[in-house]
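Chemist: According to TrEMBL, the protein has these features:
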type	residues	note
SIGNAL	1-20	signal peptide
DOMAIN	152-265	domain 'SET'
């Protein structure tokens, strides 16, 4: 399963929305009000979906901290209680994220359909509209070639992205799945490295790759002016590699006065300080509660939000994750129930590209250590 084509588990879409503290154990003198005894520990379950940092703040405001999962025994007691109390029905506030995931899956499928169509019909397709470059007047200065290739109904002007310089804009309505052109540039075969204005393309009929380099405006077209978005709501164009070429296709309807933006890949995203990670790529439809906020400290390693070292771990092994998982110095610990009926930890990464600046909002668990002692 690829990041672009993960399955949306709509069967786990949760509907019952409870608020505030869940099951306050006010009759139990061993835990203070607002907390419930679970084996030898005292927990409170907050069902209102909340951001990562706010979750930790709420626990601290109640004189507690988030759940410290420092042993398999403690984790099992907690997860058994969650199952017994039917907390699977806690509202997850992920409906919009499911919709985005479904849209991206549909777009990926359309990319594949377009490529098959192009191989059969080229630019003379009856299904896809291809917008050609504008004709460049004879005698035009070479350095203006890219700008002058801008088709009628589009323009090159200052980008809305801070520090990006010029950007490409549409002055007309452009329907979803319109082909805006083919990326042009100098083709070279040197060892691929991260470069601005470059696409790495798979060779047709053989192994290896080559690079289309549009750094020189005299050897490229107007597609070089497309900038990268900072959020999913800004993204309206996708690259499509097909038959050794790179096409730009609109991923949604685009309205007049809108800048055309597409994601250039994780390497360029890291250059910009932007992570394009959908939460469901990590969660894959699982039920999730935020258990803690973990910090990496150079001389101590991983610590919980009460500064207890992380000794016991139960991370989910995502076989679909390619390469090293990139985490911030501070990240959430999500306790998740998966399709194999087992509980695992999932690291809560930076999902703000899809969620907005507050990040992922989930129910969370607080722990009061002041009364933690074994009964009996």
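Using the three backbone atoms N, Cα and C, a Cβ is placed for every residue, glycine included.
TrEMBL annotations: computationally assigned, not manually curated.
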Chemist: By DSSP, how many residues in the domain 'SET' (152-265) are helix, how many strand, and how many coil?
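Modeler: Helix (H, G, I), strand (E, B), coil: 7 helix, 46 strand, 61 coil.
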Chemist: Average the pLDDT scores across the domain 'SET' (152-265) and report the rounded value.
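Modeler: Average per-residue pLDDT within the domain 'SET' (152-265): 93.
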